[in-house]
Ligand code: GGG
């Protein structure tokens, strides 16, 4: 099976190299082919998502993605910014459902900023919609100078088919977990959120075995800090999911621990750490590779039909943490390579 590897920018190449090393150590006979994305692709080829990269993504069985974002590209028009690579891949490949698990590793509970009794119970899954909302509304990325003032527009838009599709993904995910789904919106203010809530309720008729609740996003942000263990599965839009999943990562200790899977109707998926390119620590060999390694585990489970190998990686990560392996984001001194070595030793 072919895995497309898109390391991207900043710490992306450092962490994806370690995830590939772990996959290779499993001896599953996977082939790997690398492509450029983001600022690295713009600098070499003039576009953040060159046609060769998109072609490789289409041919591959799964995609392992690092991170995009490069301060050198800050002045570029929006369409050429590094982040357009990940948005373009999701849209072109129809990867509309983003699974973002946040689970407290028992080994780290005492070290999180949260009280142990709160941190210890966190095991939630955010199902984030990925191909709609302000990221893809029309008009978007527009500037005008009406009445002499600069104005910016990004239209928030969802249609009922898009909401029904992600709602089903949310209910199906909840069914495989504790059968509790919390839909997060801003239906007291936004029309898109009122449609969202209506459609989620309609879809819920097909899932009588799943307990559905609704929460406004502002309250959800507060509850994630005060009472994160109360959540099981969350379904939400693109923008709210982007923000809430970073927040959830802080609840479990570090954004360097959270993997993700972007899935569509077929088996192909794109797997990436939820963290970005972290230019402040790029090139120093300090980044935590665990989110990338755990993303590789999600890839084995969801796209490559290897759930046993996925569990091996996840157990090895837990064992390495239990043995005290820590990168600097977790208060330790291990380098990116040394942390991956500790996982490999536990495989
Ligand atoms: N690995 C995640 C990453 O590169 N994030 C950069 C980013 O801006 N992503 C946009 C998004 O996730 O919607």
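Heads up, the Cβ atoms here are built off N, Cα and C, so glycines get one too.
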From 78, 81, 128, 197, the one annotated by TrEMBL with 90, 100, 218 for substrate: 128
Densest Cβ neighbourhood among 242, 246, 280 (binding-site residues), 10 Å radius: 242
Nearest of the recorded positions (128, 135, 186, 218, 242) to residue 276 (NAD(+) binding site) - Cα to Cα: 242
Using Cα positions only, nearest of the recorded positions to residue 284 (NAD(+) binding site) (186, 218, 242, 246): 246
Pairwise Cα distance for residue 186 (site 'Important for catalysis')/residue 278 (NAD(+) binding site) [Å, integer]: 30
